[in-house]
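> This is the structure I want to talk about, given as structure tokens.
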Amino acid sequence: MLIPFLLLAVLIAPGSVSLPQPVKPAGVEALLSRQQYERAFPHHHPLYSYEAFIKAAANFPLFAGEGTPQTRKRELAAFFAHAAHETTNGGPGAKGGTYAWGLYYTEELSCSDGHCTVYNTAGTSPYQPAPGKSYHGRGPLQLSYAYNYGLAGAEMDLPLLAHPELVSQDGVIAFRAALWFWMKAQKPKPSCHEVICGKWTPGADDLRLGRKPGFGMTINIINGGVECKSQDPEIKGNRDDRIGYYRRFAALLGTTTEPDCDCAGMAPY
């Protein structure tokens, strides 16, 4: 009767049981720690929490998920650069530095009272504006226009056409909307994702029009009609701001940027 007891004693002897190993971060979480996020956005709005970003990014596994680790970090830096520029409360002389105030605002300030009806135009799009709603810029990439809210909502199964205000009220939805825009190719434009991770090859017409791979092309995709051909110092300052954020975030993440990050001379779409 003692043999079973002795066998059991051997099986549970100290050191014989393997302890579970800590789970390593995966996806975007493996590229960006909470500490890095807080250094990148020390004054971010509570809506734009690290947790909200990580949860949103989980819906887009290819975001910062293709190519070498350097390429993946570069995409993360590029996305954050545009998000920071679109939502900044900073600028020259700002406390903490020019690039310390990204992700501060949740919606377009001049339109927060809903009077910007220009964004409600939808043309022949199936996504017509709902009565009494405004489709001005909201979220990290300032999602704008009824057709973008409608298409984003349809593809993510979210009621954004009926309730566009969700993009400035729910942090996960805000980041999901921004990432949707980043990943979505809207012809003839490629997606920002395709460009920054090297999957887009310019055609003959693109080359003739000055379009080339790199961060500058993402500026063209997002706001090329305003920024890429203008010689106005204030407009050029917008391009420089995006580029400055890009270089700052790339350094923070431990990656590199292209020598030429500008879109000057590129024809807009």
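Glycine residues also receive a Cβ, built from the backbone N, Cα and C atoms like all the rest.
Feature table excerpt (TrEMBL):
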type	residues	note
ACT_SITE	E86	active site, proton donor
DISULFID	C228-C263	disulfide bond
DOMAIN	173-183	domain 'Glycoside hydrolase family 19 catalytic'
> Find the average pLDDT over the domain 'Glycoside hydrolase family 19 catalytic' (173-183) in the predicted model and report it.
99
> How many whole Å apart are the CA atoms of C263 (disulfide bond) and the residue listed as 'active site, proton donor'?
17
> Kindly assign C263 (disulfide bond) to one of the three DSSP-derived states: helix, strand or coil.
coil
> How many whole Å apart are the CA atoms of C228 (disulfide bond) and E86 (active site, proton donor)?
16
> Which one of the disulfide-bonded residues (C228, C263) has its C-beta surrounded by the most other C-beta atoms within 10 angstroms?
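Highest number of other Cβ atoms within 10 Å: C263.
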> Among all protein chains shown, how many Cβ atoms are found within 10 Å of the Cβ of E86 (active site, proton donor), not counting that one?
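Excluding its own Cβ, the number within 10 Å is 22.
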> Quick one: DSSP breakdown of the domain 'Glycoside hydrolase family 19 catalytic' (173-183) into helix, strand and coil?
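Result for the domain 'Glycoside hydrolase family 19 catalytic' (173-183), in helix, strand, coil order: 11 helix, 0 strand, 0 coil.
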